[in-house]
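Undergrad: Pasting in a structure now, in structure tokens, and then I'll have a few things to ask.
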């Protein structure tokens, strides 16, 4: 039986593909691969054969034809005479917008809730548990519909703002909260406003530079420089000074009730807000659990050691626990971001024109090119998801434990 | 979810090789049931009643075809479809025919591979607004928020109408008529637009129909009719002539009340005789029994009876015959001769 460690060379037999452990796994993998290829080949050829039998073909020409329909929220120029491709791009941008806003808000709520779930306060702890369990265990589609229904039923409609003793009025004369969405003043950039914006951006960069300097001072010389109030000062003072010195170049355009709707200002549609809010609070419940798991994964000894050095609880959390917890939190957080992005395809339930609503909805319907549209839709979502995944992996690599 | 459903339907279409294209008649007979695609609920046209039985004008067409083919007007499986899912359902073979107030257009007929077998309702797109807005013409709707069913021809007509009149609007796309009602009633949109018949049906379902007006403009032609898959001409003929039989029956004065008596023996009018199978072999030519039309007419009555019972002036929907009167009475209904 010494042949196992010293096989006779040049005597390969076909039966060894099954009986020899060195080849067996390759044999089975190869068979599985062949079967997989055959299965997909069968499905593909079947599709083609049936399309042919039904007199249909695969063609993407429709992407260049005028779409013919209007979209309410367009981040890029679009009219009903634009092409289906342009309509798809409008949809992609709307998907990305709600996904970005949703991920941002979900992260903020999720981290806060996750930390508070470990609070010493019994009431806070229980409230957060209730939040997590309720929002995690009801389908997100239902949350979207509930929030939209409440939104429309509770808030006044533009027509309620009309007349002498109207039922509703604008907040501060600037903001209108209606069942159709929120209207806020829009900035109008006049001459010289570019300089104000530049000052503002520079002061944000300045805040980061200042905080870096403070950190360096703390680590190298052990000097603790206060950062909060100086940051606030850097944020506001230069921009406000520039604004007044240049003679107030930026003015506000207030929304006004004209005809059927408010005109002017920035309009955030109810569909965007409802979808954004529903996706955020739903995903935040999952993120909260990830955060809690991450914090619990940091050894209690770390907290105790930090406390014995004299750090206060807030600093222990920010400086010792969270940086270590992030390594555990980020990988599942990526999945939550991807989930949120894909869940945004439920947008049509509230009439938000995302990618599924334009390319996978109206375009598909008006052209009847179901297979082509669905295939393109899958490609778009795949690309978006892979991009999010790639960006988050870069971040993960930056914070993960560096082994030297 | 929706994506999955469509993909599933496509896979099903791929797997059930040949079924979709070949003899639908044999499939229906073997199954003993007709799968008929209808709306998810539009009172008067297709909606389940309090007992959960589907009834309505489009449902009547389904029942007539089922009666002609299977001899039983209740042997119908109603498949609710939305504006988005209807064509996939038909193309994949999930349903045998679609009677879902669907507009006959060139591209649907030619490019999508369907066969419109006739027109059972001549319609046009209209607008409904609350009376309190004081709007009297669609051209005054500049800046209005408009609720619209997505995936329908109305969406394109709307864009064209507002563009042609150089006025702006804010579209609120929604999936079904049922979802549109609360949005419109709560005031989330100023205007609801769809086919005029659908507007009348929707308005009839409101608590205070009098608070809402349908504007006079009809901005499009919407010939609504049943359709089948392209390529199965025998099945297309059956559905086409079942519909024509209902229309011809009204013209010839055959009703559900007198059809039994008239078909008992050959009468003096040869066309009625041929229609009811007491003379000639029209049923045989279709691959059906001689009394196919008798069964179709007894199912729910002739075209006029179906109209009056479901959407006519004595129903809450209250539609006048208008274009949908017989050609002899100034309408557009004109069945080719049964010969």
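Each residue, glycine too, has its Cβ placed from N, Cα and C.
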Undergrad: Which range is it, out of A:67-91, A:92-116, that shows up in TrEMBL as transmembrane segment?
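TA: Feature transmembrane segment in TrEMBL: residues A:92-116.
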Undergrad: With TrEMBL as the source, which of A:350-372, A:373-395 is set down as transmembrane segment?
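TA: From TrEMBL, the annotated transmembrane segment range turns out to be A:373-395.
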Undergrad: Relative to the transmembrane segment (A:92-116), which of A:26-43, A:137-155, A:188-210, A:266-288 accounts for the most Cβ pairs at distances under 8 Å?
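TA: Answer, by Cβ pair count: A:266-288.
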Undergrad: Which residues of the same chain, at least 6 past either end of the transmembrane segment (A:222-246), have a Cβ under 8 Å from a Cβ in it?
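TA: Residues 192-193, 195-196, 199-200, 202-204, 206-207, 210-211, 213-214.
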